[in-house]
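Feature annotations, reproduced from Swiss-Prot:
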- 1-338: region 'Terpene cyclase' (REGION)
- Asp106, Asn239, Ser243, Phe244, Asn245, Lys246, Glu247, Arg334, Tyr335: substrate binding site (BINDING)
- Asp106: Mg(2+) 1 binding site (BINDING)
- 106-110: motif 'DDXXD 1' (MOTIF)
- 339-710: region 'Prenyltransferase' (REGION)
- 367-401: region 'Disordered' (REGION)
- Asp470, Asp474: Mg(2+) 3 binding site (BINDING)
Amino acid sequence: MDAALRDICQLSDPCDPRSFEPPIKDFFCIYPMYRSRYEAKAIQGSNEFLDGWNKAIEKDGLRNDGRPFLGCNTIYGNYVAWAYPECLPERAAHVAAYCDWGFFWDDATDAMSMEKNHEATKDLILTIMSTVGIGQKHEPLLAVNKLVVPFVLNKLAGTDGDLGLNHMKAWKAHLDGQARSSHANMSWEELKQHRLVEGGPEWAIRLGAWGAGIRCTAEEIESVREIIDIGGIAGVLANDYYSFNKEFDEHSRAGTIERMQNGVALLMREYGYSEEEAREILKKEINKMEQQFMDMYLTWLNGPVQKSRGLIQYLTMVLCLYSGTMFWMAHGARYHRTDLITTAEDRATIIGKCQGDAFRVMEGYPPPKGLKRTASSPESAPKRRASKANNINQSNGRGGDPMVAFSGPFVKAPSHICDAPYEYIDSLQSKNMRDKFINILNSWLNVPSDSLQIIKNIVQMLHNSSLMLDDIEDASPLRRGQPATHIFYGASQTINSANFSYVKTVIEATHLKNPQCLQIFLEEVSDLHRGQSLDLHWRHHGRCPTTDEYIMMVDNKTGGLFRLMARLMEAESPSPITTPHLSRLLTLIGRYYQIRDDYMNLTSADYTTKKGYCEDLDEGKFSLPLIHLLLHTSCPDRITSALYNRVPSTGLQDEVKTYILDAMQSARTFEYVREVLSHLHGEIMKTLDEAEKTLGINNGVRMLLVGLGL
């Protein structure tokens, strides 16, 4: 490995992390490490940024306890020199300042109440997305958020601006992950995947690519995603290991212990381990994944598959990032503060504060030494449930009379069997965009909380029910990366459960205060079914719709839920506001969501993971890309023959899908769809501007809609 690294690392030199004095007490990383020759530039960048930060934090009043903010600079040098050793000399100071801003911002917001944290995050995301995403200046409310604007405008969006934009997208995803994070009742395996998203390694990787000027295609990066993610999980768990004491202290001061996002805390809370035991488990897990990363890196590097110089630089940069970050965390004052007010005894109070009735069991490790109650085996509970479910009750009637059952009174059947398919799809991980949209619309409409919850219930049940039916109608095997509901429960039971959920939504609608709500509900649900009927009709008969017909279908099918939520909210609002701009805004949003979904289904690796490879083609769905292709290819009959002259319920061969994708490239279909999305996004933002003139400024709506364009 040394020879390979020396060939790639031209601006740095090998460095033995165990040669520093005084020696680091708790360092267990097994990665090789490199150190930049331009460390002085990074140190200077950090020093200059700290002055500006302290002034901003004082202006915002975010910390008044006198404790210093600690970041890149340490007794041994600067974080950037070890984590980004190949950073270009002219960018080292900028990267150091930006890293410090991220570290300090994280500390400042951790100490906030949940409400203030959400407001600060919203302010930051809107600033970043407006500045980089659509080129509109948004004046941040917080001085600490204003500090990032010059860097974003002059650096990330300047030279290598596309690399900078990639970084900002990753940073937004990191913030989104933290905003919806909750480790309550989560298993160890679930935590690892969750921390990979919320822990932010991707934004740090993209920053490294900008700092070093490394260029790779999205396809190249996806080809090494598995390697990156293994090391990424090890990295975020190492962060949890070294930052546990500090995080606990900050959350304790803020009264937000339940929001603590940390692997040590989870092992103590959900598995019953002591802090010492939890730390030992983390060490072993981290070293195991570090070794996996290095083995996979070397196998990939020496493998026969051709790879670009840029991709080799990219993955090597990731290795250096993981290595240098571990070294920095092991000794940096940011992670080893001496001004904590909480103790080991305080931290021990979270042991056993699990959500379930019993501790979880950590596979491959002995139970906690101090275990006082019986841990639940992951295998035992399902067996008990299965035994009860499969048992045949031989009792007929009462008192042994076999005829009593036939003449007895009506007994209502239990609902748990009917509910089970719905509960399954409701349990699958979702972005909850509809709930978010309802919440931010409510800044305008001020719907009472009880009515708002009913509307959320209606929209959630309708959405999930439609997904259950869609997956049957489309013969889709996957939903959100998991088996579709009908795979487990069968088509008949899934349809019955979806219909039962529709009945529940009607009941919910009758609980709303305004009698108009039931009529609104019936109108919009009728439109939803009309829109779906068009989609199914075209597919069944193999008839390609016009663009106008496609938009009509989308407005009724996808736009229906947006209109439903808004109309119900307007009806329940104590001060209803009627404006054509809001109605148009929701219509445009529905179109954008559907067309983007059409596009991503054919182009996104993430969609392939969650739904399957180009699943819309398997369905024979007349998406906007397919409509455009059939209108602009010289051989449309080849496409329609492959799509509609095949055995029902059989998918297309991958070779046929590849042919269709190549045909779309030749017809410039994807370029056309991107132009449509760009046009729609511009119209959405213009319509929002008009709506805000009547309804008032709504930064929540603006943040969500700006994010659509990234």
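Each Cβ is built from the backbone N, Cα and C atoms, and glycine gets one as well.
Fair warning: this is a prediction, and the values are worked out from it, not measured in the lab.
Shown on the structure are the features that Swiss-Prot records.
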residue: Asp106; record: substrate binding site; DSSP (3 states): helix
residue: Ser243; record: substrate binding site; DSSP (3 states): helix
residue: Tyr335; record: substrate binding site; DSSP (3 states): coil
residue: Asp470; record: Mg(2+) 3 binding site; DSSP (3 states): helix
Note: in the chain of Asp474 (Mg(2+) 3 binding site), residues six or more apart in sequence with C-beta under 8 angstroms of its C-beta are Glu615, Asp618, Glu619, Lys621
Spatial neighbours of the motif 'DDXXD 1' (106-110) not adjacent in sequence (6+ beyond its ends, CB under 8 Å) are 57, 62-63, 69, 116-117, 120-121, 144, 247, 250-251, 254, 334
Ranked by how many other Cβ atoms lie within 10 Å of their Cβ, the binding-site residues Asp106, Glu247 are led by Glu247
By Cα geometry, the one of the binding-site residues (Asp106, Ser243, Asn245, Glu247) nearest Asp470 (Mg(2+) 3 binding site) is Asp106
Residues sitting within 8 A of the centre of the Asp106, Asn239, Ser243, Phe244, Asn245, Lys246, Glu247, Arg334, Tyr335 CB atoms (substrate site), not counting those, run Tyr242
Mean pLDDT across the region 'Prenyltransferase' (339-710) comes out at 85
Close in space but at least six residues away in sequence, with Cβ under 8 Å from that of Ser243 (substrate binding site), the same-chain residues are Asn262, Met329, Tyr335
CB contacts under 8 angstroms to Asn245 (substrate binding site), restricted to the same chain and 6+ apart in sequence, sorted by sequence, are Arg337, Leu340, Thr342, Arg347
Asp470 (Mg(2+) 3 binding site), Cβ-centred 10 Å count of other Cβ atoms over all protein chains shown, is 18
Record-listed substrate binders Asp106, Asn239, Ser243, Phe244, Asn245, Lys246, Glu247, Arg334, Tyr335 have a maximum CA to CA distance, in Å, of 15
Using a 10 Å radius on the Cβ of Tyr335 (substrate binding site), the other Cβ atoms enclosed count 20
